[in-house]
Structure formats: structure tokens, C-alpha cells
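A.B. asks: I have a structure I would like to understand better, so I am pasting it below and will then ask my questions one at a time.
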């Protein structure tokens, strides 16, 4: 009898554990016992064979990879300012959900690059870095102090004497490229004088000295120059073929001028755009200054590109993509830049910054931060489509992280910008999947934790809704964790492992033969000619045209 009862009990227990997935389950007592409730799971994913096949496909792809040790004729460095790994995960999910997918299975363009590494981002005096010391790291290969650009660690922040001593200067990979005969340019969605792009050309002990109005009078009297002045008047900045971004007010006097769309902030009365024009006239070089998308696209559509291009599309930082009006996207600016720089027979170096990811995070505007990351990924995709991975090295990374996190055990496919669907907090209130360790959105009120999911801004998906944070601050801070580095092209295999952020420009320079330590293919490797259409798109070689060209050369030689 006892055996029969045990058998019946065992059958009942088995029945409980084999109920269909749609049977309701009691609320778990522990968080780790959370029961998920996804709206949909792709049927094929429920079978182990699907994942084994997926792994096999990845393995086969990896086994087919070959090491390319040819010279990298061109180099493109993409920096997503503040693009932490959490941001990458959330942005890929956001992009997938925008396309009506579950989201988690989506992949951003640079995530398909074959090689990935990790870079350590600290400053020599700070555990968590800023964009100035990191720009110095990934553009000059030298770590420095917080708030300092293009100078080594022997400087004191805000000290003019430190800035003037050329022994402290750290040159950028942009300058290295110029010294080797390459063309150089940079594109950013921030002010072109902001910390990240300034690492391409400036030497300043204070990142905030963007115009002369920002520099203390005693420093100006000693000869310290602001960042905008250095870009236009000094090398290497004035040698750059392409400069695009925001920050128009840094270049014009605080009185109206013919070229300015609005009043600038310079106190020295100098019109730096006019100075840029005069410099190009002395060089007898064609050049164009543009201020909006229409003007830029007119140049792009032209058969006669200028030798130099300066685009200042906003008085301050460029607008967020979702708020922009007659402003080029990062993708469009990259396309124009590559079309211009590709004319160089010796190659080029291009720096691209998706800078407003960082600004959105500082305001805890998660929706804007994710959209800016998606736009950044589109720019990477465009660059990849316009170049040849056989001779162009593309490196994608970030300068630093942020405190944003994705947590709370939401179900698969749950709105990445929504509330966690599986449970509430112990206080009985809902909470968002995305939150910040610190920031401008206060989370705790007089009655305990604030349920932000009840706010209209959250319900309506307002662009300026600040996601909750634990520590109230006027601006959310950076994070100190490592950032990912993605690489595609010649010598991509060098970018594996974990290393200091300062290694990045040195690896790129080695691949591009910009250093004294040159690999064997720097001089001996001959690159095949690539044929380009009028819009700069890289097409496969036209065999007929190639044969005709060779025949023409042979006939010419025979005549001699």
C-alpha cells in the first residue's frame, strides 16, 4: 500500500513539473526564482540543435579567418563617447525592438568585427577618467592627467607654464599620418573644440579653454592659446583636409560677422573661419565652409570636391539626432569625409566621434543615449561599405564607460526602456530595467522610493525623461570599467587581449607604417587599384577597364 501511495505521489509531482508553459505559477519567494513571461520565443530557439548549429557556424567562420599583415593604407578610428558595454547591449536591443524584433538577438555593425579587445581607461591621477585624458590616450598613445589634452603627466591642470613647455607635448596619430604624407580629417557630433576631437591637434592644460573667452587673462598674456585658435592657426590642425562638427561660437567674435550665423564668443576680435579661408588662399587650395546639411549635400553631390572642408553645423554641440533640423547625420558626415580623403594616393587617417552618447548619459536621458549609439553604428556600417578591409583598418571603441546598467530580470523582449515586467520592488512599486548609479533624477522622496513608471514622461517615452539614479547629482558621472575595442582590416589580430588604452594608436600606427618600427610589408607590398564611383562608393574592380589599362601601358612602352 505504501509503495502504491509513493507511486501516485511521484506521478503527481511529475505532472506538476511537466505542465505547459502557459500555466500560472505561484509568485516566487526569492528574486532568483523569478518566473519569466516573454510574449514570444522563436520556436527554433527551444531546441538544442539550433544553438549547436549556431555555434558551428561561428566556429567555421572563425576557422576561415586569415591573418592580414599587409600595410593598412587607410585607418579610421571610431570613438563612441561614453559607449560602455551596457550601452552597447541596450542599444542593440533598442535597435532590434525598433525593427519590431525581440531585440536581444540583434547585432550592431561593429559587433560583427572579427577581433575584440578590452582597453583600460584610467587617468594617471584618476580612477574614473574624463574625455580629455582618454582622448590623449587613444590619440597620442600617452596617459595624462584628468582634464588635460595633448600633454603628458608632467603638467599641472590649468597651468599655462606646463602648456607652453613643448617637452610636455604629445603629438597625435593625426600628426604622425601627416608626417608620412597621408591626408587627415575628423568628424564629431560635439563641438570640434571639445575634449575628444581636440586630442587630434591641441595641447592644453585645461580642456575647458575652448575659446579665448575661457582662458584666464594671465594665461593669455603668457602666450597660452585656446583650443579653437590652435585648430585653425597651428599645425597639425590647419593641415587637416576635413573638419566637421559643432562649436561655431568658438570661432567668431562676440560681434556679428559676415560668415557667422549668430554672434560668437571670442573676445580677441579674431574671425577664425576667415583666418582658415586666408590660409587656404595662400596655399592656392580649393576650400569650402558649410553650416548646414543642405550645403554639405550640395558639395557631396558635386563632381568637383574642394581640397579642404570646414563644417560647423551648430553654435554649440550638434543637436541630438532625434531633435535635429537641417543637420547632417554622423553617417552622412562620414560618407563625405571618406569621399574627400580617399583621393589621397598615399592613404588617409580619419577620426570619428559619436559624442552625444555621453551627453545624453550625463542627463540620464537613456532613450537619447541609445538612439545616438544606433546612429553611431550606422556610421560605422557606412564606413565599412565605402572601404576595403584588405587595405583599410577600422577600429571602433569608446573613451570611457558610464554608470547606466540594465538589471532586474525582465523577460525576453521586454521593452528595454520600459519597466521590469516580472516583479516589483519589495516596496510594492515598479522599477525600470535601465537605471543609473548616480545622476540628476532623484529616486528617493519623502515617502520612500519614487515610482517613476507612473510619470507621464515615462509613459509617453519623452526624449528628455531622466531615468532613475541612486545618488542624486547635477550630472551623472562616467564609469571606470574597461571599454571594448573592435577591429577589422590589416593587422586586426593585434587588437585582441586586454591592454592600456594608450596602445590603440600605436597598434594602428604600426599597421599603417607610421612608426619607425616598420613591418616587412611597409615598402614591399603593392596594393591593387580600386575603382570608385563619383559618390565615393568602393566597387569591385572592373576587369574590362583593368585589362584595357594594362594594354595601354604595354603599347606605350613598345612605342618608346
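Every residue, even glycine, has its Cβ placed from backbone N, Cα and C.
TrEMBL annotations: computationally assigned, not manually curated.
Feature annotation from TrEMBL assigns signal peptide to 1-20. The Mg(2+) binding site annotation in TrEMBL covers 81, 194, 196. Residues or ranges marked as Zn(2+) 2 binding site in TrEMBL: 81, 358, 362, 399, 400, 478. Sequence annotations record features per position, and here TrEMBL assigns active site, phosphoserine intermediate to 131. The Zn(2+) 1 binding site annotation in TrEMBL covers 353.
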A.B. asks: What same-chain residues, at least 6 away in sequence, bring their CB to under 8 Å of the CB of residue 358 (Zn(2+) 2 binding site)?
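C.D. replies: Residue 358 (Zn(2+) 2 binding site) has long-range Cβ partners 81, 82, 131, 399, 402.
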A.B. asks: Measuring Cα to Cα, how far is residue 478 (Zn(2+) 2 binding site) from residue 194 (Mg(2+) binding site) in Å?
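C.D. replies: One finds 16 Å between the Cα atoms of these residues.
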A.B. asks: Quick check for the class: what is the C-alpha distance, in angstrom and rounded, between residue 353 (Zn(2+) 1 binding site) and residue 194 (Mg(2+) binding site)?
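C.D. replies: So the Cα of residue 194 (Mg(2+) binding site) lies 11 Å away from that of residue 353 (Zn(2+) 1 binding site).
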A.B. asks: Write down the Cα-Cα distance for residue 196 (Mg(2+) binding site) and residue 400 (Zn(2+) 2 binding site), rounded and given in Å.
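C.D. replies: One finds 11 Å between the Cα atoms of these residues.
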A.B. asks: With an 8 Å cut-off on Cβ-Cβ distance and a minimum sequence separation of at least 6, pull the same-chain contacts of residue 194 (Mg(2+) binding site), or say none.
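C.D. replies: Residues satisfying the criterion: 131, 188, 210, 245, 247, 317, 355.
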A.B. asks: Using the Cβ center of 81, 194, 196 as the Mg(2+) site position, which other residues in that chain lie within 8 Å, going by their Cβ?
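C.D. replies: Neighbours within 8 Å of the Cβ centroid, excluding 81, 194, 196: 79, 131, 135, 188, 190, 195, 197, 353, 355, 358, 399.
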A.B. asks: Any same-chain residues 6+ apart from residue 196 (Mg(2+) binding site) with CB under 8 Å of its CB? Would you list them in sequence order, or say none?
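C.D. replies: Once residues fewer than 6 apart are set aside, residue 196 (Mg(2+) binding site) is near 79, 81, 131, 134, 135, 188, 190, 353, 355, 399.
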A.B. asks: In sequence order, which same-chain residues at least six apart have a C-beta under 8 angstroms from residue 362 (Zn(2+) 2 binding site)?
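C.D. replies: In sequence order, 439, 475, 476 meet the Cβ cut-off.
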A.B. asks: Here the binding-site residues are 400, 478; which one has the lowest number of other Cβ atoms no more than 10 Å from its Cβ?
C.D. replies: 478
